[in-house]
Amino acid sequence: MYNVIFLGAPGSGKGTQGEVVAKELKLAHMATGDLFRKAIECGDELGDTVKSYMERGELVPDEITISVVLKHLAGLTDVTGIILDGFPRSLRQAEALDEALVQQGQGIGRVIYINVPGDELVRRLSGRWVCRSCQSPYQSGCAEVTKGKCSRCQGGLYQRPDDTPETVKERLKVYFSKTAPLIEYYRSKGKLSEIDGMAEISEVTKRIISAIKCGK
């Protein structure tokens with residue numbers, strides 16, 4: 001099984017790229033954000049806890065994140081590989097993932113870091129709208145946002161509570177203080193490929209696929 005990690009700050013496009021690249025390379029796509037949102041929708045104690053952290057722009061504690069993600073990964077048996085989007089987000093999570101994969105006779109094949117400047121991240125996130133049905137993202141000013149409908153499924157659009165300018169800045173502060181060290185962690189292992197996230201979306205996709213194939 002070939003496992004790939006996507007690193008990048010909120011708004012870097014790693015979610016969009018993860019879906020596209022997973023489809024192109026026939027890999028499973030696991031987005032931590034989606035797992036958390038499903039937990040919130042369940043309305044149980046775990047979901048309420050996750051919701052409280054996300055609304056404050058804080059990272060969900062390691063012990064909760066690790067438990068949720070590893071449980072999901074254990075159920076993905078009939079796949080050729082996995083793209084992990086949004087996990088790990090701390091060195092502790094990375095070490096827990098390494099340990100779990102070793103126990104399964106697996107490892108990390110390549111780590112993709114999508115690099116986008118901070119001011120651009122704030123602009124992207126503050127203007128992001130999301131479909132309530134399929135979670136497709138849109139930017140303020142586009143036709144879909146003007147109409148208030150998703151072009152994929154016709155679902156209604158909304159702005160997430162954690163996409164306000166104030167919360168966005170806090171999320172980025174948390175990211176760069178707690179998650180950025182992962183870049184050096186994986187670089188030291190010779191697994192990291194840094195991709196310029198300011199390029200056209202299609203070009204970013206090409207560069208990511210090339211990096212993954214070269215890393216095999």
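Heads up, the Cβ atoms here are built off N, Cα and C, so glycines get one too.
Bear in mind that the values here come from a model prediction, so they are computed numbers and not experimental data.
Binding of AMP is attributed by Swiss-Prot to THR32, ARG37, GLU58, LEU59, VAL60, GLY86, PHE87, PRO88, ARG89, GLN93, ARG160, and the same site annotation extends, among ARG152, ARG171, to ARG171. The candidate list ARG56, ARG128, ARG132 contains one residue that Swiss-Prot assigns to the ATP site with GLY11, SER12, GLY13, LYS14, GLY15, THR16, ALA199, namely ARG128. Looking only at Cα atoms, VAL60 (AMP binding site) sits nearest to SER12 among the binding-site residues SER12, THR16, ARG128. Secondary structure at CYS131 (Zn(2+) binding site), taken from DSSP and collapsed to helix, strand or coil, is strand. Between the CA atoms of THR16 (ATP binding site) and CYS134 (Zn(2+) binding site) there is a gap of 13 Å, rounded to the nearest whole number. Rounded to a whole number, the distance between the Cα atoms of ARG128 (ATP binding site) and CYS150 (Zn(2+) binding site) is 13 Å.
The secondary structure of THR16 (ATP binding site), as reduced to three states from DSSP, is helical. Note: the CA-CA distance between PHE87 (AMP binding site) and LYS14 (ATP binding site) rounds to 11 Å.
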